Amino acid sequence: MAPAGPKKGILERLDAGEVVIGDGGFVFALEKRGYVKAGPWTPEAAAEHPEAVRQLHREFLRAGSNVMQTFTFYASDDKLENRGNTLRFTGQQINEAACDLAREVADEGDALVAGGVSQTPSYLSCKSEDEVKATFKKQIDVFINKNVDFLIAEYFEHVEEAEWAVQVLKTSEKPVAATLCIGPEGDLNGVSPGDCAVRLVKAGAQIVGVNCHFDPLTCVRTVKLMKEGVERAGLKAHYMVQPLAFHTPDCSCQGFIDLPEFPFGLEPRILTRWDMHSYAREAYNAGIHYIGGCCGFEPYHIRAVAEELAPERGFLPAASDKHGNWGAGLEMHTKPWVRARARRDYWEKLKPASGRPRCPSLSTPDSWGVTKGHTDLMQQKEATTKDQLKQLFQKAEANN
């Protein structure tokens, strides 16, 4: 049931020291469920299959999320039309549908709606600042019309583009969060996490952090560097982290997209719910109070975050009704050796096996070394040709 009276806003909650729990990764979760196509990763499911998006929102709400982020990742017109991706819906229709679904579910609990924008093909193709900002403005207009509670600029590899996004988001006069998909090495131009955070705060973001591309502990370490930079500059901000649910110790600066397993062979890297307890505690101890997830995060991962931080929040999520604390539900199991696992120290000390005897523990990432402006990254509306693919196959073989 939704609480009586108006909900507290995102800044009001964070200013009061509350823990805000985000949701998980919609594009990966819905791709696995058959509603999103890997490659484009675009969110037309909000308009095509609203029941699937609505259900995933509800599962995250039940698991403990108190932010319903609109399923608008890559919902800019230039991305929706990229490389032969034909849609039956316009960008505006997708963004509007996503806002309506997020609001419907948020109003079923004490959750806020966050409208999100992400990096654009226009920026990678060296379009002008005005052109890139115009792309963000189209999405912002929908968010303002739908009266979302706050805005997030997420998944930016270059801090410059993130700054442009924040500047546009600030025109809405709503609270603005900004997260980069970077690790401790900084953005793809080598701007350090601390300097990135300072630039985002100066652009107008009240909440800064990272999302995607790296595992939880790498992301927490990166946000710590951002926090140090902001404090060193004499500025103030709140901090957020929404990492992958995959182990990525072998990743280079571009993160998991460089792994040979991306995106269809990542399952052996998935974090357990117990790993998520460690992540939640590490993030909270680092002074990060907006804690959520990105690609790979399923509702049970968010439930683990909510359970770990239940003492700070003062309550357990509804989904904990079906989950005993630290495996306590196993006390009811028919097999005694399984009942013997109904204890915290068992799960905290467990070293899960992969069951894959010929698999390495780490991979060698692809390292093409290209970023904004390189010919390999020039975006196009036409479908990728066979000749273009052949050139990529040959380059990949040469790199290996």
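Cβ coordinates come from backbone N, Cα and C, glycine included.
As given in TrEMBL:
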BINDING   Cys212, Cys294, Cys295  Zn(2+) binding site
DOMAIN    8-309  domain 'Hcy-binding'
REGION    352-386  region 'Disordered'
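This view paints the features noted in TrEMBL onto the structure.
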residue	record	Cβ neighbours (10 Å)
Cys212	Zn(2+) binding site	27
Cys294	Zn(2+) binding site	30
Cys295	Zn(2+) binding site	28
For this session: Kindly state the mean pLDDT of the domain 'Hcy-binding' (8-309) in the predicted structure.
Result: 97
Exercise. Excluding Cys212, Cys294, Cys295 themselves, which residues in that chain have a Cβ inside 8 Å of the centre of the Cβ atoms defining the Zn(2+) site?
Worked result: Gly25, Phe28, Tyr155, Cys181, Asn211, His213, Gln242, Pro243, Leu244, Gly293, Gly296, Phe297
Exercise. Per DSSP, how many helix, strand and coil residues does the region 'Disordered' (352-386) have?
Worked result: 4 helix, 0 strand, 31 coil
